[in-house]
Amino acid sequence: MSEDQKKLQDSGPEHEKKPVRRSRSREAAAARRAEKERASSEPAAGAPAGEQGKSDSGFPKKPAGGSREKSRTAWLPALAGFVGVLLCAGIAFYVYAAQAYKTVFFPNTVINGADVSDRTVDEVKAAFSAGADRYRLTVVARDGSGEEITGQDIGLHTVFDGGLEKILEAQNPYRWVFHLRTPRVYQIGTMLKWDEEALAREVNGLECMDESAMVRPRDAYLSDYIEGRGYEVVPEEEGTALKAEAVQTAASAAVRSLDPEISLEELGCYEKPSVRSDDPGLAAERDARNRYVNVTVTYTFGDRTEVLNGSRTHEWLTGTGTDIALDEAQIAEYVSELAKTYNTAYKPRAFKTSYGPTVNVSGSYGWRINQKEEAAQLKGILEAGESVTREPVYSQTAAAHGDADYGNTYAEVNLTAQHLLFYKDGNKILESDFVSGNVSRGHTTPAGLYSLTYKQRDAVLKGEGYASPVKYWMPFNGGIGFHDASWRSSFGGSIYKTGGSHGCVNMPYAAAKELYENVYAGMPVICYNLPGTESKAPTKASGKPPAGGQATQPTKPAAPGGQTAQPNVPATQPNVPATQPNVQPTQPNVQPPAGGQEAQPGDQATQPGGQEAQPGGQPPQPEPTQASGTPGGPEITPVENGTTAAGGGGSGGGYGPAFGSAQSTEGGGPGVS
């Protein structure tokens with residue numbers, strides 16, 4: 001532009017230039033206001049948090065032109081747009097998935113045991129076909145061994161007859177979301193095919209199916225008695241026997257599902273025991289039986305013992321279950337065996353005489369078990385279940401246990417020598433001659449081992465036609481006993497052969513008195529014959545009883561013609577001394593009733609001076625009265641009030657001697673009692 005033009009322009013009318021200046025002025029003013037508003041809406045740098053946005057006067061500043069309301073609502077359109085996008089995307093995905101499930105199976109779909117989720121029909125067919133082609137079934141037995149059956153062995157193949165398609169067609173693709181958590185299981189039997197007969201052959205051909213090798217199961221049971229342990233529960237045995245039908249069923253199910261392995265144990269294909277070791281019935285019977293057999297009963301017989309335990313008692317048990325009982329007959333048999341072994345009454349025992357030789361003696365004296373009472377007590381002990389040590393119940397006792405049960409306090413009566421020795425606690429305190437039963441009249445005093453029945457003072461021995469008062473009466477064998485015989489003037493020798501008593505041992509008064517003062521009921525009385533000792537004194541002078549030992553033959557008198565006479569001596573056993581201390585018998589000292597009145601002076605059978613009553617010094621010999629079944633013994637008459645003498649027995653008869661109004665076992669008049 002030329003200078004003239006610029007000037008021309010600048011020199012234009014004044015009214016044209018003013019509007020231009022006003023427009024610029026307004027724009028500047030608007031800019032300043034906007035800047036001021038921005039400054040007022042921003043907090044001053046470093047201003048406190050509570051004072052920001054306040055005016056100089058302290059009051060909140062008021063936004064200019066409603067700018068805060070616009071900021072609050074500015075994001076809503078954006079959010080709505082975002083939600084709309086998501087919803088559209090979700091709908092699109094749901095529809096897309098629904099379209100997909102028209103050709104694939106829903107999630108959690110199981111067909112013939114196989115998970116076919118999200119697979120097409122063709123994919124499932126291919127999977128099944130591939131599985132059938134390479135299928136192998138391993139059959140695992142109880143012992144862990146395995147055997148295989150292949151798909152080819154059984155003709156396994158797939159057959160697709162539309163079953164898969166039908167399942168897929170039945171799906172509502174728009175409901176696929178409801179199958180995400182809920183499984184659908186289908187079983188189609190036509191998908192896999194195999195030859196059932198071929199499968200049966202393969203199964204039967206397995207080694208574990210060999211019946212000849214199978215072990216049948218055995219139930220748990222209660223054992224027989226085991227020494228030292230009693231009864232025990234024997235555990236069951238599982239065996240190896242298989243149930244053929246169960247194995248076939250398990251194999252078919254495995255093939256149908258193409259399972260690679262089956263355990264015959266886990267599938268319950270084995271036969272099982274019907275009774276197992278934890279059976280409460282077995283435990284109850286075991287405990288019931290062991291209650292008896294765990295009891296030990298130790299019997300003591302001096303220094304000997306008999307131990308009864310389960311080895312024997314298990315044979316006595318009867319019943320089953322908890323109804324176990326004891327056979328009482330067998331208990332009684334056992335007690336009878338004890339009695340046969342340890343009863344000594346009526347058994348021969350070796351006795352070493354004071355003359356040296358040993359003789360055999362037997363009789364009513366000795367131990368005797370009360371078998372009935374002992375059997376009852378033994379049964380109670382076994383039923384109580386407590387072990388004990390005890391002695392049996394005795395009906396009769398002796399001084400000591402062992403063969404020499406007579407102990408060391410006894411009366412020794414040598415019928416051959418007509419001589420008595422009395423030992424007390426091992427010391428000889430009395431020796432005396434006596435007169436025993438009249439041999440010529442059949443009243444021989446029997447030999448044997450007896451116990452003193454009782455003792456009594458001032459008895460009257462009565463018989464037919466006589467009454468003989470005695471001061472000391474001590475029976476030991478029924479009606480035979482010791483007593484004083486004051487009517488006799490001499491004792492010992494051979495008087496007894498023709499002038500003896502009816503069986504009693506007649507003693508001098510002083511000897512009878514001393515014997516009476518030392519004896520007691522139950523004390524042993526040993527009577528024996530020892531040929532060769534007719535005039536021989538005892539060999540013991542020390543006052544001690546003879547020691548046990550081997551039997552020896554006595555010295556025999558010479559027979560006419562220089563021959564040695566052979567005495568009639570019973571066979572002897574070695575004398576076994578008593579090993580137990582002297583035990584006082586348990587039989588009480590029973591005093592018989594004093595029947596009748598004693599004879600008054602003048603009725604006595606002897607005269608002053610001790611002479612016999614009959615002229616010439618020969619005693620009258622009445623006819624003997626024989627007791628029934630008692631050889632050599634006088635007649636026994638029971639006392640009137642029915643009381644009998646305690647103990648006794650043996651060859652002397654059953655009743656004791658009579659006193660007072662009853663008849664005596666002696667009798668026959670003075671000089672023969």
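Cβ coordinates are placed from backbone N, Cα and C, and glycine is handled just like the others.
Note that the structure is a prediction, hence the values are computed from the model and not measured.
Marked as compositional bias 'Basic and acidic residues' by TrEMBL: 1-17, 25-40. According to TrEMBL, the region 'Disordered' annotation covers 1-69, 535-673. If you look up TrEMBL, you'll see 41-51, 577-594, 604-616 marked as compositional bias 'Low complexity'. Sequence annotations record features per position, and here TrEMBL assigns transmembrane segment to 74-97. Taken from TrEMBL, the feature domain 'L,D-TPase catalytic' applies to 409-528. Under the heading active site, proton donor/acceptor, TrEMBL lists HIS483. Sequence annotations record features per position, and here TrEMBL assigns active site, nucleophile to CYS504. The annotation compositional bias 'Polar residues' is assigned in TrEMBL to 563-576. The compositional bias 'Gly residues' annotation in TrEMBL covers 645-657.
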Please report the distance from the Cα of the residue listed as 'active site, proton donor/acceptor' to the Cα of CYS504 (active site, nucleophile), rounded to the nearest angstrom.
8
Neighbour count check, CB within 10 A, over active-site residues HIS483, CYS504; minimum at HIS483
Per-region confidence, the domain 'L,D-TPase catalytic' (409-528) (mean pLDDT, whole number)
95
State the three-class DSSP label for the residue listed as 'active site, nucleophile', counting H, G and I as helix, E and B as strand, and everything else as coil.
coil
Across the domain 'L,D-TPase catalytic' (409-528), DSSP labelling yields 15 helix, 58 strand, 47 coil
